[in-house]
Amino acid sequence: MDRARPGRRRASSEIVTEGKRKKSSPADLQKITKLLTVKSEDVLAQSPLPKLRGSECWWTRSLRNKVICLDHKTTKAAHGCPPKALPKRHLKVMLTNVLWTDLGREFRKTLPRNDAKLCDTSKVQSDSLPSTSVDSIETCQRLDPLHQSLNLSERIPRVILTDIRQTELGRKYLKIPSVTEASLSDTASPKSEELSSSADGSLESCQNVNHLKSFLSERGSKPSRTGDISAKEAANGRQEQGDDGDIAPEMVTPQSKDFNSGNKGDYHEEGTSNKNTSYSHSETDHTPVSRKRKKRGRSNFHNSHNPKSSVDKSTEYIKEEENESTVSSKLEESNEDSHQDPAPPEGLTPDSLETEATNVCSFVVQEPDVSAASGRACSPNKSSESSVSSEVAENSSAAEKGEASTVKEAPPPGGNSEENQLLMSAEPIVVSSDEEGPVEHKNSVILKLQPSQDYEFMSENQTTSDPQLSELMLGACESVQVSSELCPYNPDMENISCINPNSEMDLKLDFIFTCVYIGKIKGTSKGCITFTKKYIKIPFQVSMNEISLTVDTARLKRFGLWESKDDDHSKRSHAILFLWVSSNYLQDIQTQLENPMLSQQSKANEFIFLELNSPISQREELKLKDIMMEIGATNGELQLSCPLPWVQAFPLFQDLSPQEISFLHYYCASASSFPAVAGADMKKKPVSQPSNADVVKPTYTFLHKQSSGCYSLSITSSPDEEWREVRNTGPVQKLIVYPPPPTKGGLGVTNEDLECLEEGEFLNDVIIDFYLKYLLLEKASDELVERSHIFSSFFYKCLTRKENNLTEDNPDLSVAQRRHRRVRTWTRHINIFNKDYIFVPVNESSHWYLAVICFPWLEEAVYEDFPQTVSQEFQDQQSQHDNKTIDNDPHTTSTVFTSAEESQSTETSMSVPKKMCKRPCILILDSLKAASIQNTVQNLREYLEVEWEVKRKTHREFSKTNMVDLCPKVPKQDNSSDCGVYLLQYVESFFQDPIVNFELPIHLEKWFPRHVIKTKREDIRELILKLHLQQQKGSSS
């Protein structure tokens, strides 16, 4: 081959010169093929190369988690020698370990002690690759002193591997992190081949030495290596052997190959600017965009590893450093975060690290087992016994989408077309020492190499877009496994909520909700509900009022999170967040809501239901539980550590009516809307029924017995079988007649009437009339009896009932007259205008209330002096109230209760004017205020007009001015069935504590205590049974 020809021939069908592609001639191809197909018997006999597949050979030695690769063809030249000194015979490579052979031990004895000069070979490094034969000869002459200093023999020995740890050279390299691997390429076979002794081989060797050294610094921090480095190291070995015939064993200590997220970031950042990228064992695609970086890397290797070589540092390298300052600063930050070496390598500057990080690895797919110690594993001392295993990727071709590996070496901008280098491939071979210790897989990196049989060369103008490169890199890294410590959370877990971290590490969580239910109140969302350790903020709107409710977490008792499991297609959310606050916190909630509907007596106000916009994610649920655990630990509520299930929460409010708790009324109106329990418990039993464990079986039973006029109560043990209530199916039996004979007008009470005295039953008219007669005859004073009259419960019903017009005798009568004719006989023996108080029980729509006609004989209000008896009685009652010596006997019910307001107003009227007011009026005493009061008052006024005409024979108008209607405040019922009981208690309290002063306003809120109502039904039952026994004894005697 002509030495004057500028450039070198590639081992391929293409030659790249100054950015242009030229086809090589068939003669050149045949010559290259002949050189690459020479086989060696020594290699076949002593090396395991034929056992490996592919067309490439790698030597890999595990040392401090590093990889050393050496080509078996690097026996052409040592480091540099004149072409005339090359031997005439061809070299053969023997693969062996110096620790295993006698040749290795003999060679170790011949090694010089001053091994520092071996590194001086890097002084021959120039700023750019030599492109002419003259430069090649000068480079080889520089290498002569090195080989002479080593006293190597003239013969060409076989290449052997030296354990670098046993030499001073190795001890020196152990102090600094060096390259991770050196790839030596081979394109023909794993066997030794005959080397050319021509001048071209020498020239190529000299040129390859420079380029090899330029990329060693880049291998220090990259997970993959370039194929041209392998070719240059192979040429380096051939140059050494052609010089003196002796070998210069040069071992490079690999650097740890543990990478963290910082390296990956640099890797992908540089990958976005690359051209067409593919993968192979020993070939690397260098980007044309980074020509300056490659050139800088070629001229910077020795300077970065040997501080003495600063004299040879070129000015071009300094300029390149200034141009790449921006990129280097970014890469320096990532490298500083990634590689925290305790002892930085001597002469290795941050700039060189930045340059190394910019090269893209395109033929190796790494599968790191990332751990917390990966950043520290870069230390040479800690990783000296670690190994890096290289294996052939069996299925990586599919991940690469069937593309063949391509390599492209772009010449730097300067017209140096002679820098085209020979690219050869090598098959990986694993070589390790027995003394290296066990392999540490924790910090190791598995390299998957893509073998390639066909070699293609890409032009620098063929580009690969960034999306394609990203897709290629992702496809190659599909098998990468990263530990959970460094792996970010799954974005699929994200939902509508947002977690806001606080600088004080306070937990905070937001949910989007649609509705909130608090007691009777239903509100719509006006933002997100916020959970913190100190408060829960709920913004919502009721009608037109916007409210921001803040719940103190110190008052939180339990919480629940329920999701429905049904598969209906309703658009409504089935995620409910439940909060249970303490009862003593209801006053604060009512103050914030400014809503009187929130009564503190109702248990329903303790429950807050939040209808979420959508079910929460698992990450949000864990965050919510953490917040609740913090609240529970702070406030001592250990029950907050776990949410309350639906089956345990539903019995708390299942007995409440939908009118009291809006959640049951709006959300749980349909069975499908009920939240389901996350488990099989909800499927086994309905939500409306408590579990069997909650049902307590009675241990005894009450028995009521009546025999021979005696009524007895006994207790017996609980029966084995379930007992059912047995109602009396016999004939109706009259228990009493009140008043008893011989008094006329007695009212009979039967055993069926006693049934309405059960809890939850409405009182019938018989019980109402009986007890009113009893109060008038037994409880009222004689004076009140003379001044009072009580109509039957049937009076008002008869007064207002509708009759057929055919039954009317005189159709010319008015409506009021016709009504009066229906009840005209009710007062034939009494003149109601001689009475002060007329009691009219009214039943409308199954609701009882009382109407009291006061002073019907008066036409206007009259003020009179208090009688002595009344004044003295009032003073006695006042003193009893002040001394709190009131008798609360439920049977006698002789207690006198007066309100403070009434007492104060009455005392004022007595002390100052000492007058009492008698006002004609109609008092409406209603415990529920649910009836049409105006119609009732108007009907009674019309009745009084007609009755006045009948009794007084004159006309008098009863209007709103002379017969006003008053509705004083009285004790109210707390259920829907005690209206009749309250009516009876109103009359009883009136007889015990009559209203003597009708000066407005009239306050009767504290007329009687509530516990009197609770025992009233039982008192009436006992009274009827007592009278029954008395009448039975009287009849028997």
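Glycine residues also receive a Cβ, built from the backbone N, Cα and C atoms like all the rest.
Summarising the annotation, Swiss-Prot assigns compositional bias 'Basic residues' to 1-10, 289-299. As annotated by Swiss-Prot, compositional bias 'Polar residues' applies to 182-211, 253-263, 300-309. Look at Swiss-Prot and you will find 310-320, 330-340, 879-890 tagged as compositional bias 'Basic and acidic residues'. The compositional bias 'Low complexity' annotation in Swiss-Prot covers 381-399, 898-910. Feature annotation from Swiss-Prot assigns region 'Protease' to 747-1037; the stated evidence is similarity to another entry. According to Swiss-Prot, the active site annotation covers H847, D926, on the basis of similarity to another entry. Positions annotated as active site, nucleophile by Swiss-Prot: C979.
Recorded features from Swiss-Prot, shown on the structure.
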residue: H847; record: active site; CB count, 10 Å: 18
residue: D926; record: active site; CB count, 10 Å: 23
residue: C979; record: active site, nucleophile; CB count, 10 Å: 22
Secondary-structure category, per DSSP, in which H847 (active site) falls: strand
C-alpha spacing of C979 (active site, nucleophile) relative to H847 (active site), in angstrom: 6
Inter-residue C-alpha distance, C979 (active site, nucleophile) and D926 (active site) (nearest angstrom): 8
Averaged pLDDT score, the region 'Protease' (747-1037): 80
